[in-house]
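I grabbed these lines from Swiss-Prot:
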ACT_SITE  GLU189  active site, proton acceptor
BINDING   ASP53, ASP92, GLU122  Mg(2+) binding site
BINDING   ASP53, SER54, ASP92, LYS120  3-methyl-2-oxobutanoate binding site
Amino acid sequence: MSYLQESNRKAVTVTSLQAMRAAGERIVMLTAYDSSFAALMDRNGTDVLLVGDSLGNVMQGQKTTLPVTLEHIVYHTECVSRGTTKALLVSDLPFGTYGTPEQAFHSAVRVMQAGAQMVKLEGGVWLAPTIKFLVERSIPVCAHIGLTPQSVHAFGGFKVQGRGDEAAAQLKADALAVQDAGAQLVVMEAIPAGLAGEVTRLLAIPTIGIGAGLECSGQVLVMHDMLGVFPGHRPKFVRNFMDGQTTIDGAVAAYVAAVKDGTFPGPEHTFA
């Protein structure tokens, strides 16, 4: 089945994501960092484009996302917004830019003015007051729980989260807290597939998985990972969609179709 953008395809909005969840239609998200790739992903039916602080890894060659600044995100958001017509544009708030609700608001205003339609922040229960502060000021929020890369040093490395009863209970508490604070989307990274399914059923808002199994409302991958460009370690949850394709358009279309059809992620891409 083709999911190529048609002229009558409506622009994706925060409210239409909720409608997709209610209808059982899986949400497709990819990272994007420039206008050309944004346009390519958009015309192939990607629902959400994420200007991720992963640009530190794949664009700048950094070992972590921590060196990424707000100015970097603003610049890449401006670039991506120029190539986007239908997809919803979400931008990360980078490390150190949302330590207080007031700081988060000023950071979010910068990226919204650059073209973002939603901001993504990493954190759970502790972040709820900040999310509430932003939502009350008309800033849509996507929360990111589980493995949060900005906390890599606190975690002692990039490790699967939510294993064990206590950790699973904490992740559920995080999910409910960000939802209750007003988040309209939740990314869950590197958690057991069964737990991700429980959280997805527990919430009334869409969940987006990356290394979180098939039961999430949608999936996200870093563009470079999806295209088989691995500058370092290849995560377990990554599939190279360039395999069997001759063009990047073909690879993106294959990714969109695999997410929509529920053939990605497979068991080999998930954690127990």
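Every residue, even glycine, has its Cβ placed from backbone N, Cα and C.
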Calculate the distance in Å between the alpha carbons (Cα) of LYS120 (3-methyl-2-oxobutanoate binding site) and ASP92 (Mg(2+) binding site), and round it to a whole number.
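LYS120 (3-methyl-2-oxobutanoate binding site) and ASP92 (Mg(2+) binding site) have their Cα atoms 5 Å apart.
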Check SER54 (3-methyl-2-oxobutanoate binding site) against DSSP and tell me helix, strand or coil, would you?
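It is coil.
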Please report the DSSP secondary structure of GLU122 (Mg(2+) binding site), reduced to three states.
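Strand, per DSSP.
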Give me the CA-CA distance between GLU122 (Mg(2+) binding site) and GLU189 (active site, proton acceptor), in Å, as a whole number.
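Between the Cα atoms of GLU122 (Mg(2+) binding site) and GLU189 (active site, proton acceptor), the distance comes to 11 Å.
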Rounded to an integer, what is the Cα-Cα distance in Å between ASP53 (Mg(2+) binding site) and GLU189 (active site, proton acceptor)?
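With distance taken Cα to Cα, GLU189 (active site, proton acceptor) is 14 Å from ASP53 (Mg(2+) binding site).
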Using Cα coordinates, what distance in whole Å links GLU189 (active site, proton acceptor) and SER54 (3-methyl-2-oxobutanoate binding site)?
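That comes out at 13 Å between the alpha carbons.
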